[in-house]
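J.: Below are the features listed in TrEMBL for this protein:
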ACT_SITE  His80  active site, proton acceptor
BINDING   Asp81  Ca(2+) binding site
DOMAIN    39-83  domain 'Plant heme peroxidase family profile'
SITE      Arg76  site 'Transition state stabilizer'
Amino acid sequence: NSPQFPALARISIIMSTFACNALLVLVIICSINNTVHGQLSSTFYGKSCPMAFSIVEAGVKQAVAIEKRMGASLLRLHFHDCF
């Protein structure tokens, strides 16, 4: 057993701790700087797909006509998607 092993083990622990701390700081800095300024808009499809509302409405009406529980299922889906 060489007397250098405990010293090397301590250096290894210190270096791995430093590397973990540096990685943590880097992740935090990247998370803070990565903000999105997009906003939801009810008129988003007004120009790109003006028929979007009527297409979705027709699809939902057709689905509810086939399966009466579909309205409740869609409401539950949207609730859990938003909250």
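Residue numbers in this text run from 1 along the chain shown.
Using the three backbone atoms N, Cα and C, a Cβ is placed for every residue, glycine included.
Since this is a predicted model, take the numbers as computed values, not measurements.
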J.: Taking only the residues in the domain 'Plant heme peroxidase family profile' (39-83), give me the average pLDDT of this model.
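T.: Mean per-residue confidence for the domain 'Plant heme peroxidase family profile' (39-83): 89 out of 100.
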J.: What count of other C-beta atoms do you get within 10 angstroms of the C-beta of Asp81 (Ca(2+) binding site), across all chains shown?
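T.: Result for Asp81 (Ca(2+) binding site): 7 other Cβ atoms within 10 Å.
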J.: At 10 angstroms around each C-beta, which of the recorded positions Arg76, His80 has the fewest other C-beta atoms nearby?
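T.: Each of the recorded positions Arg76, His80 was scored by Cβ atoms within 10 Å; lowest is His80.
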